[in-house]
Amino acid sequence: MQLPLSHLLACYILASSIPSWTTSTPIMPAINKETLYLVGHSRSLKLTNVACVISTYRGQKDGWVERNMNYAFSVGKPWRGQSSTIHVQWRPYAALMNARTSDIVRHDLQTKPQYVVRNYDDNSLVLSDVKDESSPCSLWVTRKYLDNIPETTNRTFYHQCPEPIYTTIDEKCFENK
């Protein structure tokens, strides 16, 4: 049995349009040039008096992405700012992301050498400790999503992270950067 030429043409048009229906692979925001803002974390991280945690891209070196980690201590006036270089490394589709930070950042922000990538898209990222399934998390977004966290990312943060707390990035953060 032969298909009429019009059916073959219709099948070809349908099949050739399928790639445009799918979305492309998201770009991991921790290794691209976007500025990232910490907008949530697990209560157990106890980031006492730390505000405005912002990570900016600096470049790449020896397979690692260099980023500035800027944050402020919200005690007293004016806020006391802190800045340090961190290094992150992530292999495409890997479940783990490596991080190298200074002792000061490790103390102030309780950073770890490795994180589980729970969820990411082009503009948001949920990281957690490597310990176990219900380990402390952090939620990062680009400026575009400061007021509107993507639904899948938000759901991941809320359901997979113990005692999630949302933080705010207000205008003081940009004044004290």
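Including glycine, each Cβ sits where the backbone N, Cα and C put it.
What you see is a predicted model, and the numbers here were worked out from it, not measured in a lab.
Taken from Swiss-Prot, the feature signal peptide applies to 1-24, supported by similarity to another entry. Here Swiss-Prot flags CYS52-CYS173, CYS137-CYS161 as disulfide bond. The N-linked glycosylation site annotation in Swiss-Prot covers ASN154.
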Query = Whole-number Å distance between the CA of CYS173 (disulfide bond) and the CA of CYS137 (disulfide bond)?
reply = 22
Inquiry  = Under DSSP, is CYS161 (disulfide bond) part of a helix or a strand, or is it coil?
reply    = coil
Ask   = How many other Cβ atoms are found within 10 Å of the Cβ atom of CYS161 (disulfide bond), counting all protein chains shown?
value = 25
Task = Count the other Cβ atoms sitting within 10 Å of the Cβ of CYS52 (disulfide bond), across every protein chain shown.
result = 24
Query = Can you tell which of the disulfide-bonded residues (CYS137, CYS173) has the fewest other C-beta atoms within 10 angstroms of its C-beta?
reply = CYS173
Message = For CYS173 (disulfide bond), which of the three DSSP-derived states applies: helix, strand, or coil?
response = helix
Note = Same chain, |i - j| six or more, Cβ under 8 Å of the residue listed as 'N-linked glycosylation site'; the result in sequence order is LEU139
Query = Per DSSP, the residue listed as 'N-linked glycosylation site' is which: helix, strand or coil?
reply = helix
Ask   = Cα-Cα separation of CYS161 (disulfide bond) and CYS52 (disulfide bond), in Å?
value = 21
